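Asker: Input: one structure, supplied below.
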Amino acid sequence: SFEGRVEVYHDGKWGTICDDQWDDRDAEVVCRQLGLSGNPKALSWAHYGQGSGPILLDEVECSGNELSLDQCKKSDWGQQNCDHIEDAGVSCDPFTGTDLQLYASQIWLVGGRSPREGRVEVYYNGDWGTVCDDGWTDLGAQVVCRQLGFR
């Protein structure tokens, strides 16, 4: 929900963005436009897969302060010299910051009958994984519950 191929809607159709000049300042604007915070990272060479249909933007060069891609320097809509192997991507990873408020978001419960139960999974180094039950006690469960905001 916070990363993927960037697609834009213009003149009644969806299309991709070419990665020429694509950098983290452009990613910062995309994340801001989507209302996402975190560590913006630009990805190139169809990192999240090739799109289909038109390539609508090329040579996007944001300063990083714009509120939307529309405000950035870019080619005219539909003017490009790219192929879908150059589709731009973005990660607005909310788990890479040092903000302590993000810490609780690095753990969740999966597969339970309610949000208050389930298998414990943690986010580390860009991936979600499970926690081994070796040495797992009620004390560990209490820490997880407290971290998730449950009493």
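Don't overthink the numbers, they just go from 1 along the chain as shown.
Even glycines carry a Cβ here, placed using N, Cα and C.
According to TrEMBL, the record shows the following:
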type     : residues    : note
DOMAIN   : 1-93        : domain 'SRCR'
DISULFID : Cys18-Cys82 : disulfide bond
DISULFID : Cys31-Cys92 : disulfide bond
DISULFID : Cys62-Cys72 : disulfide bond
DOMAIN   : 107-151     : domain 'SRCR'
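Looking at the shown structure, what environment does each listed feature sit in?
Answerer: Taking DSSP states H, G and I as helix and E and B as strand, the domain 'SRCR' (1-93) has 16 helix, 29 strand, 48 coil.
Remark: Cys18 (disulfide bond) has Ile55, Leu57, Asp58, Glu59, Val60, Gln80, Asn81, Cys82, Glu86, Asp87, Ala88 as non-local neighbours, by Cβ distance under 8 Å and separation of at least 6 in sequence.
Cβ-based neighbour count (10 Å, all protein chains) for Cys31 (disulfide bond) stands at 23.
Within the same chain, the residues at least 6 positions away from Cys72 (disulfide bond) whose Cβ sits under 8 Å from its Cβ are Asp26, Val29, Val60, Glu61, Cys62, Ser63, Glu66, listed in sequence order.
For the domain 'SRCR' (107-151), the model's pLDDT averages out at 80.
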Asker: If you count Cβ atoms within 10 Å of the Cβ of Cys92 (disulfide bond), leaving out that atom itself, what do you get?
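Answerer: Neighbour count, Cβ to Cβ under the 10 Å cut-off: 22.
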Asker: Across all chains shown, how many C-beta atoms besides its own are within 10 angstroms of the C-beta of Cys62 (disulfide bond)?
Answerer: 23
